[in-house]
Amino acid sequence: MKKSRTLIKSALIGLTLISLAGCASPEFDSDNENAARNRGAAGGALLGATAGLLLGSPELAAKGAIAGGVAGGVSGSMKDLDDSRSADRNQVMADGVSQDTRSDAEKRAAELEAELRILELEKQLAELKGEKTEES
């Protein structure tokens, strides 16, 4: 009777774990914004279940899996949050670097320099064409 009661408890705890694991996204890839949470929860649950099984009690295995899953999920969520904030900071810095901070006068001066350079190149091209026509 006691074994069947323990077996039923273990089965219920196992089903609870499976249903709780279904709430988290199953994706472990780096594109998923919650990947570290998922990996932490899965790893913590495995570690807790293994520790409980090594002690020889299915109840301890289930409790260890729950505690490990929660602890791993929380630490993974903290990593996901840190990664998200870091990505936001990097994007803000990249946007700031890519902006043109020159004044209107500096922009106009650069345009005039470019136009002068084009005129010089056109003049050199005309001279080269003139030399070729004289040679032939």
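In case you wondered, yes, glycine gets a Cβ from its N, Cα and C as well.
Residues or ranges marked as signal peptide by TrEMBL: 1-24.
Per DSSP, the region 'Disordered' (72-104) is made up of 28 helix, 0 strand, 5 coil. Per TrEMBL, region 'Disordered' is recorded for 72-104.
Same-chain residues lying 6+ beyond the ends of the compositional bias 'Basic and acidic residues' (79-88) with a Cβ under 8 Å from its Cβ atoms: 33-37, 40. Annotation comment: TrEMBL describes 79-88 as compositional bias 'Basic and acidic residues'.
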